[in-house]
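Over in TrEMBL, the protein carries these features:
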- 34-52: transmembrane segment (TRANSMEM)
- CYS116-CYS167: disulfide bond (DISULFID)
- CYS127-CYS150: disulfide bond (DISULFID)
- CYS133-CYS161: disulfide bond (DISULFID)
- ASN185: N-linked glycosylation site (CARBOHYD)
- THR187, LYS311: ATP binding site (BINDING)
- CYS218-CYS228: disulfide bond (DISULFID)
- CYS262-CYS271: disulfide bond (DISULFID)
Amino acid sequence: SCEMERGLIKDYFVGFWDYETPKIMVVKNRTLGVIYRGVQFLVITYFIWYVFISQKAYQDSETRPESSVYTMMRGVALQGDRVQDMVEYVQPSEGGDVISTILRREVTQDQKQGTCPEHFSVAKANCTKDSDCIAGEIDFDGNGKRTGRCVLYYNQTFKTCEIRSWCPTEAHAALREPALTEAINFTLYIKNTIHFPKFKVLRGNVKPRKGFKYLNKCHYNEETHPYCPVFRLGYIAEQAREKFSELCRTGGVIGVFINWKCDFDLDPSDCAPFYSFRRLDVRKNLPSSGYHYRFAKYYSKNGQEYRTLIKAFGIRLDIIVHGHAGKFSLIPTIINTVTAMTSVGICTIICDWIMLTFIDKHELYSEKKFDNTMAPNISVTSYGSNLSDISEGVAL
């Protein structure tokens, strides 16, 4: 066994220094020829159409540009006898890549620090005697700290544990205001500037020659007003396939996607953004669905601090910018051209496998393909020597 191992090692070492060269052999087989040209056509088509034309592999690209976003919402709505403007319904007022507008409110008036009954929906809040309520206990799903007393629930006949908190509680005293349906005509102005540092190109979604008079009159349209980034909230909801009435009820988060796809082999001024809209939060009837938040307005009355608690439902708009730019470069062109030429060799490998496995008289092809010959002074293990022509399995 040791001698066999030494023999194998010796053969491997000697064979390592052998030279291999391919053999050119013409096989006149129509089926094999059709397969060979078909595979060649598919490989060449893939590289020309998809790699070079569709993916533009001849270009150097940049996919992480620098971007800034400024937003401003405009509109006036009448709610009852009260006129509401952007100061009251837009958060934050200074604009940014996230902006929200209030569509509906639930208001709890005249809350003050004191004691009051806990809401009956809170776990272990219902009681019949003081011993049912543990003094100092805080239920994190509740509204305050328990005093240890069991008291009547406002004007009802049952009792709940007393708490120290802002009273009355929101769950008991909140009043639901009608939805701000006129907000469907509010407008959102989005100013976006994008910079591709690799190509030293700066672009904006508003043409410099377009002034404020133009922006005050236009609304975005992909064909007629592509450089007017002023969108109606109703248009945004429609493009996101959402009902505005449902957004007024539960609120929601909508993504405004600004996509820049620029080809700097052409005039950079032809690079324009494409806008798309999509609902980002969960639509199903879950506690996490929709969008709402709370804030309070504080004031003093008779020397005591009060507040008005507001639970606001609305639309939150997240402005998300993507950018991709490309320009001709010699290096990726050479790399992908060499890759394409190398990939054509796959056709030969596939057809050789078919020829030596499935074609009739494949044993004859194998003898012609793999040939071990001995020259007077040179040992040659080759894939052939001279040009051979095989027609219908017969050597010519």
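Including glycine, each Cβ sits where the backbone N, Cα and C put it.
Feature map: TrEMBL annotations on the structure.
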residue	record	CB count, 10 Å
CYS116	disulfide bond	23
CYS127	disulfide bond	21
CYS133	disulfide bond	22
CYS150	disulfide bond	20
CYS161	disulfide bond	27
THR187	ATP binding site	18
CYS228	disulfide bond	19
CYS262	disulfide bond	24
CYS271	disulfide bond	18
LYS311	ATP binding site	16
Relative to the Cα of LYS311 (ATP binding site), which of the disulfide-bonded residues CYS116, CYS127, CYS161, CYS167, CYS271 has the closest Cα?
CYS167
Cβ proximity for ASN185 (N-linked glycosylation site), under 8 A, sequence spacing 6+, ordered by residue number, returns GLY75, ARG232, LEU233, GLY234
Spatially closest candidate among CYS161, THR187, CYS228, CYS271, the listed recorded positions, to CYS167 (disulfide bond) (Cα to Cα)
CYS161
Running the recorded positions CYS161, THR187, CYS218, CYS228, CYS271 through a 10 angstrom C-alpha radius around CYS116 (disulfide bond) leaves CYS161
Tertiary neighbours of CYS218 (disulfide bond) (same chain, Cβ under 8 Å, six or more apart)
HIS225, CYS228, VAL230
Do any of CYS133, CYS161, THR187, CYS262, CYS271 (recorded positions) have a CA within 10 A of CYS127 (disulfide bond), and if so which?
CYS133, CYS161
Expressed in Å to no decimal places, the gap between the Cα atoms of CYS133 (disulfide bond) and CYS150 (disulfide bond) is 7
Looking only at Cβ atoms, how many others are within 10 Å of the one on CYS167 (disulfide bond)?
20
Work through the recorded positions one by one (CYS161, THR187, CYS262, CYS271) and name whichever has its CA nearest to the CA of CYS150 (disulfide bond).
CYS161
